[in-house]
Amino acid sequence: MATHKVKIAARLRPRLESEIDDDSVKIVHPSNDSGGSSSSTAGGSFITVANPRDPTQIFKFPFSSCYDQDSTQEEIFKNDVEPLIDVVYGGVTVTIFAYGVTSSGKTHTMQGTKSEPGVIPRVVRALFEKRKTVRQYQTSLSISYMEIYKDEVYDLLVTRENAPKLPVRENDSGMVFVANLTRMPISAVEEFDNLYNAATKHRSVGATNLNRASSRSHAVLTIEVTMLDPIANITLTGKMNLVDLAGSENNKLTGNDPSRMAESSAINKSLSVLGQVVHALNQGASRIPYRNSKLTRILQDALGGSSVGLLICNLAPGIKFRQDTLNTLNFAVRTKNVENRPVVNERDNRPASKPHFAAVSIQPAAGKPAPAVVQAISTTGSGIGSGRVGRPSLVPVSRSHRMSSFGSAGNGYQPFTFPQARKGAPMNEKIQESESDRSGNLGFGMTEKEIDERISKAVEAAVEAEVTRRLAERERLRAEEEQRERENALVGPMTRSQSKSPSKAQETTLPSGVLTPLLKRHKDLDDELKNRLRELEQKYERGSKETQLADVLSPVSKKKTGRAYVALARAHSEKGDLQVALDLYRKAETYVPDNVKLKERIIEIEWSVKNNKEYVPSPRKQRKAKSSKQPRLKSLPAEVDDAMEVDGNDAAGPSKFSVKGHRRHGNVTEFGMEVTNTDSPNKSLSKRSFADTQEDLENAFASRTPQKRQKRLDLGTPIVNADSEDDVEPPALAKKSRKKGVL
Ligand SMILES: Nc1ncnc2c1ncn2[C@@H]1O[C@H](COP(=O)(O)OP(=O)(O)OP(=O)(O)O)[C@@H](O)[C@H]1O
């Protein structure tokens, strides 16, 4: 099982004019003693620092990449950064961050100067170069750039006046992102340079005793590479996060004034939380304090998450910085053991097979997928203004979105963007609810009232237009009739009788209220007759309304509505509420007038009501087990089967929505970890190995028993409340593997 440890590169900057280099900190390259390269990535290199309390004692810090004062920007890039370009083009997120005391050379390493460009400009050039070679994709690049200043996030791509504090959020998939961060497309290196140079001027920089242009904030530049494979209709998204951290500060040395002190304390606090996060990860702690600072939340994915990480430790020479150097190196040593589980961010763009509409309302809350899945620093397209590009959502909006984890087999992933149920809720909680209260309901955990409302709504909308049309038509006919009557009054009784004949058709569709005038006219009728007529009128009106409803529905809707009424009727008859049941059965009959069993049922209940006798419904039939593995979804209770058995079906309640099935459909298959910082990433990220691994894991996944598979799907980072300040548990699988010491 492969995980990826954060790689460490240490760089000692040269002595500045005002400084004394007393050899307190030294880089040793045993293999290069005879001269040669000023760096080593071959192993064996180490840094020595004398113990401040006992100068005879020498601390030794071995790292795979150690760069001394003579190292060049080019060397660092070639050895440690360039290999990561292929990783980004493999659809993985890479995070490179420069760490060190103030004035140790972080900005120099990341940004550099015009004559000595640093990591950032080189990465951009390399990404554009690489783009030329990946012809199978339609590739686009974009950038976002933010700073974290006094624990608040600001957009550096807009002017400071237009840069409100941006909130850090977490989506349903556990992906941490900065809301409303601008993302700009870049089509050429020059375009990037212009944007970046302008944005860098917005960064908070101030003079301290140690650095004339000291960064007062952490800066995070993200370059996103989106690759659309038009043949497979799949989009890969790789990201490069380049982080220039503010330096830890010793206020005795910096000579900070009160305002600088406030900045300094925010910087030191966030760096201290960063240390705590690393420490907690190394301890295998159950809670990692990511949420204690914005910096660690944003870097969450780079530390114990799903991106490939490189930490460049910048060191300043001389005894003045010795304690800071030791602190930095201690941090580096601890970070060295942090394991990530990189994933490929891949989105399948093929259209989704449409879930049954009833399924959407069931809301199977997804078990959280693997670690903060996409990347720590991502942007959102929501609500962004002109000139901004919406982040292509990595949440699976289409048929499937596989997060292919290098190395872990099968963390689950939900196939559709179901609305999230309560965070942290078990995946099938809603379903369990339905089952548990089944006895009191007619199905789907819905009450009778809800079913009735649903039916009414569905019917009402369809009927409204038709009723309006009919009323208008009736009004027109009545007006015509009155006009004819007036004309007939003039031409005599003979003609009148003839002229009335065309309205014969109306008699068969006697409009409601027509009997009332009749009653008024025949005042001499005895009371009994009057009552009878009133009853008839009521009956007519009720029947007429139901007939109208039934007329405008499609055959399928009629059948469904009929079933629903039968289900309700049955529930009422079981409660002994026979009159209500009878009314409901009658309503059902207007939708399914040819159903013989229904007619019989109505007669039976009518008899019971009339004779005040108890009615004993026939026992429900046992429904045959369905052969299909996927239970059929129904929007209405399964009380009545397709053949419109009145209510002789099983009492097993409605078909339940199979989360398992749907989740498998939108499976997330994770892949074997083949990416390393140092070892031939080109090879490890080849399409071939990617596909092969995917197949193997899918097979392995398929061979699991359903129970195991379900369990597997449930694994992943717990869903946390974005607003809560609670700590976040590290990804369950990562924890497990850490504990086991699996690499
Ligand atoms: N490798 C290097 N070669 C030459 N000069 C360097 C090197 N590294 C740093 N410097 C110089 O050291 C000074 C401090 O460097 P830089 O501003 O990069 O430090 P920093 O770690 O970013 O500081 P802060 O945390 O205060 O922002 C600058 O003048 C820079 O030009």
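Quick reminder: no glycine exception, Cβ is built from N, Cα and C everywhere.
Owing to the predicted nature of the structure, the values given are computational and were not obtained by experimental measurement.
Feature annotation (TrEMBL): of 26-47, 378-399, the stretch labelled region 'Disordered' is 26-47.
Note on the domain 'Kinesin motor' (5-338): mean pLDDT across this stretch is 86.
Closeness to ligand 1 is met by SER104, LYS106, these being the binding-site residues among VAL101, SER104, LYS106 whose Cβ falls under 6 Å from the molecule. Residue counts for the compositional bias 'Basic and acidic residues' (476-488) under DSSP, split into helix (H, G, I), strand (E, B) and coil, are 13 helix, 0 strand, 0 coil. VAL101 (ATP binding site) carries a strand DSSP state (E or B). Cβ neighbour count within 10 Å across all protein chains ranks GLY100 highest among the binding-site residues GLY100, GLY105. Its Cβ placed at the centre, SER103 (ATP binding site) has 27 other Cβ atoms within 10 Å. Within the set of binding-site residues (THR102, SER104), the lowest number of other Cβ atoms found within 10 Å of a Cβ is recorded at THR102.
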